[in-house]
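Quick look at what TrEMBL lists:
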type	residues	note
DOMAIN	B:99-324	domain 'ABC transmembrane type-1'
REGION	B:1-20	region 'Disordered'
TRANSMEM	B:43-64	transmembrane segment
TRANSMEM	B:93-123	transmembrane segment
TRANSMEM	B:135-159	transmembrane segment
TRANSMEM	B:186-208	transmembrane segment
TRANSMEM	B:250-272	transmembrane segment
TRANSMEM	B:305-324	transmembrane segment
């Protein structure tokens, strides 16, 4: 559970276009790290390299190292499928499987991991839904379609689905950008709880959100269109928002650009 | 309707923008061109309905005329002798045998063709790079451009020779089921016809399935991958459920095509009178093939009887399509979409 991520010299490409260049950063276990920065700065790309989702898109490629504790995720003999089983991901738009019930959605990852027994599955499904603060709302309709839930509930369902397989790390790609403020608050509360068990990395456009939920904040920026995104700085969140060491960070968080 | 259309939008497109005219845009009636277009579209629609009603009326009249002279039950009889060639002019005909043959050949065609078509669609959309995929898609589409009669010739002259081995194997393994027993001869059978039909419906089923699978939402695919799904697991979690209703309707559409396919089946089958239940040995007949083969030499009652059988085929296709709609409606309800 809850492992450290150590990124060094990471670059990622879409075809011949370099999206991010020479990123190095560390994510401590049981912390929330927020990635902020203007659109197109590559923060989502960095996130997607952490569980090897980047390479799902044809023609993409990654250079550099991503260490999960002492294992290089891009090392020889590493199976990207296994990487994704240990590093869970939640997406911008809630994406429960539309033909599946609430129960089946949470159990989907378990089935991939070969969990078959009904009582085992029942227990983990309940535990995951409780962990995602959704159990009380759905316990009477576990067999109803996941798509019947509200947007915020769907997103919590996706979080339950992600934590059901007990990942080491949880990646969240703008998890609240499609949600209303109340649902956003519910997710943020949930992140604060999940932090006790998981290493969490969250990409967000919302700087208040980064300030509210994260322990550390990484600011990414891009010099211009077509240029690769770079990490400007990473530091404790209060320091980034109160007294950043880079001018560009200060300009961004004070709303002078972006 | 023209009255619903805002007058501003009623202006013909493709003309240079005109300055705002003095007339009030709020009270202006639709222009002459607009009314003429609406009128001609309505006339075309009515014309189609009239033609269809006329055809239906003619066919039903002919069919009823033949059936009223039939001395055996039209729906349950296996005989086909509407001109009474063997019964001193007493018409005896029923569609049971040929309807059975139609169903059997089509079911064989779908059972063999649909899985291959779905496999082809999955391969093209999920497994090969996009450029290669569209090339493969083009090749499969070419299958649809081959005329029926060529499939018939190929089925008769080439495929049928090679079917005896397969048929014998099936008989050896499954011969304890009456349907797969033979009299020792193979070929020109309903099974061969089914294989030809499988190839003929493959392009349409593959093309529709391909278009559906291609539209699987990126979010669903990524949701599966992010859970640690392999490619095949991703397909099972995201692609197949997304495409299920559409692909089901594609398969049923293929079934409908197989039901109505005429000339290839007529060329492959060695027709024998009466009901044929053994699908591996020569024999069997379908409604469409029966019409094609018999029409030239049929007299008045014979032609009318063939028209009646055509109506039955039409009804079968209608039911098949209706079932397809039911399937689609039920699965979309379940998806909650």
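In case you wondered, yes, glycine gets a Cβ from its N, Cα and C as well.
Since this is a predicted model, take the numbers as computed values, not measurements.
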Flag the pair the transmembrane segment (B:305-324) / the transmembrane segment (B:93-123) as in contact if three or more Cβ pairs fall under 8 Å (sequence separation 6 or more).
yes
Do any residues, 6 or more residues outside the transmembrane segment (B:186-208), come within under 8 Å Cβ-to-Cβ of it, and if so which ones?
101, 104-114, 116-118, 120-121, 124, 137, 140-144, 148, 151-152, 154-156, 159-161, 163-164, 167-168, 170-171, 246-247, 249-251, 253-255, 257-258, 261, 264-265, 268-270, 276, 278-284, 286
Per the Cβ filter (under 8 Å) with a sequence gap of at least 6 from its ends, the transmembrane segment (B:135-159) is approached by 120, 123-124, 128, 188, 192-193, 195-196, 199-200, 202-204, 206-207, 210, 261-268
